[in-house]
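Here TrEMBL flags 242-253 as compositional bias 'Polar residues'. Look at TrEMBL and you will find 220-253 tagged as region 'Disordered'. What TrEMBL records for 6-25, 45-62, 68-91, 103-122, 128-149, 161-183, 189-210 is transmembrane segment.
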Amino acid sequence: MAYHHPWIFISGILGNILSFMVYLAPLPTFVRVYKKKSTEGFESLPYVVALVSAVLWIYYATLKPNAFLLMTINSIGCVVETIYIIVFIVYAPKKARILTLRLLLVFNMGALVLVLITHFFLKGRSRIHVIGWSCVVTSAAVFAAPLSIMRSVIHTKSVEFMPFTLSFFLTCSAILWLVYGLLLKDFYISLPNIVGVVLGTIQMLLYVVYKKFNNNFAKDHERKQPSPTVNGKNMNHIKASNIDSSSPQVSVSGNIEVGRDENLYGPQLEHSDDEA
């Protein structure tokens, strides 16, 4: 395996490592599915598309010289995505299971027909162009999967379902594969990873903006809450005459400790526990 530039090998190795971490990112979700024996409304489409994309990249790597690193990570991706899909099919409700099987049939049959047509009817550069553009489209679809999460973040102003680490590793992986494609002068590797870098950067920016928004909102909410004291200040909702300074809920500093008075705070705490 001869590389004309040492950075090609380095970027390819690092790209393999980070891409492997990205492939493992949904693992906690599927552990949760296994434990609860339910897919809980999760969709299988992103994993089916990722599987087809990995298969096409493997075929593309067979058409290119010195594409061993491209083949290794996508082979791993095929195995990981297949495991995810099997777990999904086992624990999904009947309707989602049937839909997943149909998606697998349609996408894999489409990929198979594409490979057969290019293998028997196209030669040389024409074959590379057709498979290369197919890889670009499927990779862009994989990178576009978080768009629904980004829309949800903007709508709810919450970053609960968009972990920063996943966005970070996804962006770093896309950067390394972009460098790898540029050094190899391979347009089909570079193009989809430009999309990945852009979307990953937007995700991280959204996380920073809305995480800061959530923190500021929480501080403002705490600031607006009444803070009763035994000296009568800020006693908007509790009269000073009803406060027993010797009771357990009064601290040394004179502030009422939140959560000690069951009559005052009990129902709210019980309500939040039920919701959780």
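Keep in mind that glycine also has a Cβ here, set from the backbone N, Cα and C atoms.
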Given 6-25, 103-122, 161-183, 189-210, the one sharing the most C-beta pairs under 8 Å with the transmembrane segment (68-91) is 6-25
Under a criterion of three or more Cβ pairs within a distance under 8 Å and sequence separation of at least 6, are the transmembrane segment (161-183) and the transmembrane segment (6-25) in contact?
-> yes
Note: vs the transmembrane segment (103-122), the recorded stretch with the largest number of Cβ pairs under 8 Å from 45-62, 128-149, 189-210 is 45-62
